[in-house]
Amino acid sequence: MEINYELYLITDRRFLKGRQLKKVVEDAILGGVTIVQVREKDVSTREFYNVAKEVKEVTDYYKVPIIINDRLDIAQAIDASGVHLGQKDMHLNIAREILGKDKIIGISVGNVKEALQAQNNGADYLGIGTIFPTGSKKDVDAIIGIDGLSKIKDSISIPSVAIGGINKTNFKDVLKTGIEGISVISAILDEDDIKLAANNLLINK
């Protein structure tokens, strides 16, 4: 499956400001988002399922891949395109056994060792970060910056997206590393005009 990782949106309902998640995701896709990850923390399984199913209606309509953060059961229940796993989540090999070879599995990495391990274990793509300080994620172990991103990117051959504090003022510097895409939350969701915010993060508008 050929995936376009150019503009990777991660959902966070804290930024909705009373707006409907489905509408926000649709506007983001219309603005240029190429892949969507549904990320829900501290909610019940049923609520996560309902949110993911709602988002999938939009991504299916626009033929955009939908990735579920962490929860393989939710990914299976809605027949998502794949999952994204952190370093402390289920081991990639087990996730692959459960989901099968046709699903996308992405792994969060913060250094060359983690990146090579994930690649060798069969990850489809990597989420590399944290690049810049960010307010969206509190448990940031280390800010790696552009230099750290470049080192990791140069060590691997699979697709990767950069994450962490990326916005319209710095995304071009990130893309100069040759990375396949950028992953954002607040740079799109915290803006009033979602479609424009997404479009402002595209290098070839």
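For all residues, glycine too, the Cβ spot is worked out from N, Cα and C.
Owing to the predicted nature of the structure, the values given are computational and were not obtained by experimental measurement.
Copied from Swiss-Prot, the annotated features are:
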- Gln37, Val38, Arg39, Glu40, Lys41, Asn69, Ser108, Lys137: 4-amino-2-methyl-5-(diphosphooxymethyl)pyrimidine binding site (BINDING)
- Asp70, Asp89: Mg(2+) binding site (BINDING)
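Locations of recorded Swiss-Prot features on the structure.
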| residue | record | DSSP (3 states) |
| --- | --- | --- |
| Gln37 | 4-amino-2-methyl-5-(diphosphooxymethyl)pyrimidine binding site | strand |
| Asn69 | 4-amino-2-methyl-5-(diphosphooxymethyl)pyrimidine binding site | strand |
| Asp89 | Mg(2+) binding site | coil |
| Ser108 | 4-amino-2-methyl-5-(diphosphooxymethyl)pyrimidine binding site | strand |
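For Asn69 (4-amino-2-methyl-5-(diphosphooxymethyl)pyrimidine binding site), the same-chain residues that are 6 or more apart in sequence and have a Cβ closer than 8 Å to its Cβ are Ile10, Gln37, Val38, Arg39, Glu40, Val83, His84.
Long-range C-beta contacts of Ser108 (4-amino-2-methyl-5-(diphosphooxymethyl)pyrimidine binding site), restricted to its own chain and to partners at least six residues apart, with a cutoff below 8 Å, comprise His84, Leu85, Gly86, Gln87, Leu126, Gly127, Gly129, Ile163.
You'll find the Cα of Asp70 (Mg(2+) binding site) roughly 10 Å from the Cα of Lys41 (4-amino-2-methyl-5-(diphosphooxymethyl)pyrimidine binding site). In this structure, the C-alpha atom of Asp89 (Mg(2+) binding site) lies 13 angstrom from that of Lys41 (4-amino-2-methyl-5-(diphosphooxymethyl)pyrimidine binding site).
The highest number of surrounding Cβ atoms within 10 Å, among the binding-site residues Glu40, Asp89, is found at Glu40. Counting only same-chain residues at least 6 apart in sequence, none has a Cβ under 8 Å from the Cβ of Lys41 (4-amino-2-methyl-5-(diphosphooxymethyl)pyrimidine binding site).
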